[in-house]
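Q: According to Swiss-Prot:
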SIGNAL    1-24  signal peptide
DOMAIN    31-81  domain 'BPTI/Kunitz inhibitor'
DISULFID  Cys31-Cys81  disulfide bond
DISULFID  Cys40-Cys64  disulfide bond
DISULFID  Cys56-Cys77  disulfide bond
Amino acid sequence: MSSGGLLLLLGLLTLWEVLTPVSSKDRPRFCELPADPGPCNGLFQAFYYNPVQRTCLKFRYGGCKGNPNTFKTIEECKRTCAA
């Protein structure tokens, strides 16, 4: 196979990996945790993965502590947890 063909194959495999959704067996366990605003009093929009609805939802994050199932963007939540 030529080097151009190898580069094309590598590019297609990389694109497939990026676009393939996370399967439930590959999903991090913290994606099962409930939304946790934490003890602080900030009012930040954040997102968490809801395993019952199998989607990412908005919630108000206080700005500290909480748990790892807290994302700044819905895209980050989907990329990490959504199947």
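Keep in mind that glycine also has a Cβ here, set from the backbone N, Cα and C atoms.
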Q: Show me the subset of Cys31, Cys40, Cys64 whose Cα is within 10 Å of Cys77 (disulfide bond); these are the disulfide-bonded residues I mean.
A: Cys31
Q: Can you give the mean pLDDT for the domain 'BPTI/Kunitz inhibitor' (31-81), rounded to a whole number?
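A: Mean model confidence (pLDDT) across the domain 'BPTI/Kunitz inhibitor' (31-81) is 97.
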Q: Do any of Cys40, Cys64, Cys81 (disulfide-bonded residues) have a CA within 10 A of Cys56 (disulfide bond), and if so which?
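A: Cα within 10 Å of Cys56 (disulfide bond): Cys81.
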Q: Please give me the CB contact count at 10 A for Cys56 (disulfide bond), counting all chains in the structure.
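A: 22, counting other Cβ atoms within 10 Å of Cys56 (disulfide bond).
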Q: Cα-Cα separation of Cys64 (disulfide bond) and Cys81 (disulfide bond), in Å?
A: 21
Q: Can you tell me the CA-to-CA distance separating Cys40 (disulfide bond) and Cys31 (disulfide bond), as a whole number of Å?
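A: On Cα coordinates alone, these residues lie 22 Å apart.
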Q: Just to be sure I understand the packing, how many Cβ atoms besides its own are within 10 Å of the Cβ of Cys81 (disulfide bond)?
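A: Excluding its own Cβ, the number within 10 Å is 24.
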Q: Across the domain 'BPTI/Kunitz inhibitor' (31-81), what are the DSSP residue counts per state (helix, strand, coil)?
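A: Summed over the domain 'BPTI/Kunitz inhibitor' (31-81), the classes give 10 helix, 15 strand, 26 coil.
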